[in-house]
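**Q** Below: one structure in structure tokens.
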Amino acid sequence: MPSDDRFADAVKPALEALLSDLQHTTEVLRRAHISDRRSQSRDDFEQSYDLQGNLNTQSVSNGNITTSPYKRRSSEGKDYSKSQERIYENESRLNPPVYSRPSVQSLLSQVEEPPIRASSSRKSLGPPSQAQSYSDVRSNGRSPSRDPLHSDSMIGTMNGELSSKHGVNTIPKGDCAACGKPIIGQVVIALGKMWHPEHYTCCECGAELGQRPFFERNGRAFCEEDYHNQFSPKCQGCHRAITDRCVSVMNKNFHIECFTCAECNQPFGEDGFHEKNGQTYCKRDFFRLFAPKCNGCSQPITSNFITALGTHWHPDCFVCQHCGVSFNGASFFEHNGAPLCERHYHESRGSICSQCRGAINGRCVAAMGRKFHPEHFRCSYCNHQLTKGTFKEVDRRPFCHKCYNNTYALTPA
């Protein structure tokens, strides 16, 4: 896969440098190890030869017929040569010379091969006598060192060098839950599984989630945007997902900034909001649109009001429509749908005494285009009440017949 190629290209220079160091170190150790093996085998043979010589000398002194020590020494020398050849063959088989630099794939493949046991090779070293002497050497505490080119030792050294010097971890941490391949390097642990960073993605949009916050739902991983779009409540104002604080009213959810007046789109202040037909309004717009209007000023009524003449009034607006005097709980008079005080009511109807300017509530005298209380309709000269209904008018003033005749009848025209 592309990700595997990128990883191989990234670690290739580090592996090349490390393998070069390993090649040099291995060759030096191999030569030292072979030399040590030969010296140990020679010492073992000399001990065995000395033992045989002593036995031969003892047998001759006892008068026994034995093989000549010169012949035995010659045969032992031949056995020694054969033993050395076997040792060298085994050493060559265990420690082959490094003719070329091993590849990364060959080193990693050796991890799966079982390590070669040193005991199996030691059993094939020469005759029984030499094998026995070699075992004796081991029992004396001189055990040979482990083969430096042993596969598990070499791979372990390589892993340690890569981890300490280059920060590259070559030990698989587990299998990726997405692709099923081993994970070497960075790993994402989520939903109880392990993933390659590039394989742990949103199940909706496919975006990588290794370095981003994510949400889990029914065992599936979602990026923040897709999770909120699918499962978060929606704002009734903008119809987008709500991811933070919200306002819940009338079984609806709103962003705080979207919870505004349906008329002026301004946020609600300390006065709160009012609801009408599923819409929210600020106090000013709600009363302006839906509150009853005062018949006096045509403004919305928001508090106390007076109902009169089939309509509503602010208490301050329910006054005489001519003089503006408040009725103060007293009676009022209506004329053409307007509340009036008594005086202006009678003025509007023409029922004001022309003499006293008082209201005429009962009988009245209509004369000269005016109205009078009966007791106020008098002669302008003698001030007698004109009760008979006959009078004389001079300059819009009433006179009785007597005063008229005395004053105006004798006056020449």
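Quick reminder: no glycine exception, Cβ is built from N, Cα and C everywhere.
Under the heading region 'Disordered', Swiss-Prot lists 33-157. Per Swiss-Prot, compositional bias 'Basic and acidic residues' is recorded for 33-45, 73-92. Marked as compositional bias 'Polar residues' by Swiss-Prot: 49-69, 118-143. According to Swiss-Prot, the feature domain 'LIM zinc-binding 1' maps to 174-232. Taken from Swiss-Prot, the feature domain 'LIM zinc-binding 2' applies to 233-292, supported by sequence analysis. Marked as domain 'LIM zinc-binding 3' by Swiss-Prot on the basis of sequence analysis: 293-350. The feature domain 'LIM zinc-binding 4' is assigned by Swiss-Prot to 351-410, with sequence analysis given as support.
Can you tell me where each of these features sits in the structure?
**A** When the domain 'LIM zinc-binding 1' (174-232) is classified with DSSP, helix, strand and coil residues number 8 helix, 18 strand, 33 coil.
As a summary of secondary structure, the domain 'LIM zinc-binding 3' (293-350) carries 8 helix, 16 strand, 34 coil according to DSSP.
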**Q** In the domain 'LIM zinc-binding 2' (233-292), how many residues does DSSP call helix, how many strand, and how many coil?
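**A** The counts are 11 helix, 18 strand, 31 coil.
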**Q** For a three-state summary based on DSSP, what are the helix, strand and coil counts in the domain 'LIM zinc-binding 4' (351-410)?
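**A** Taking the domain 'LIM zinc-binding 4' (351-410) as a whole: 12 helix, 17 strand, 31 coil.
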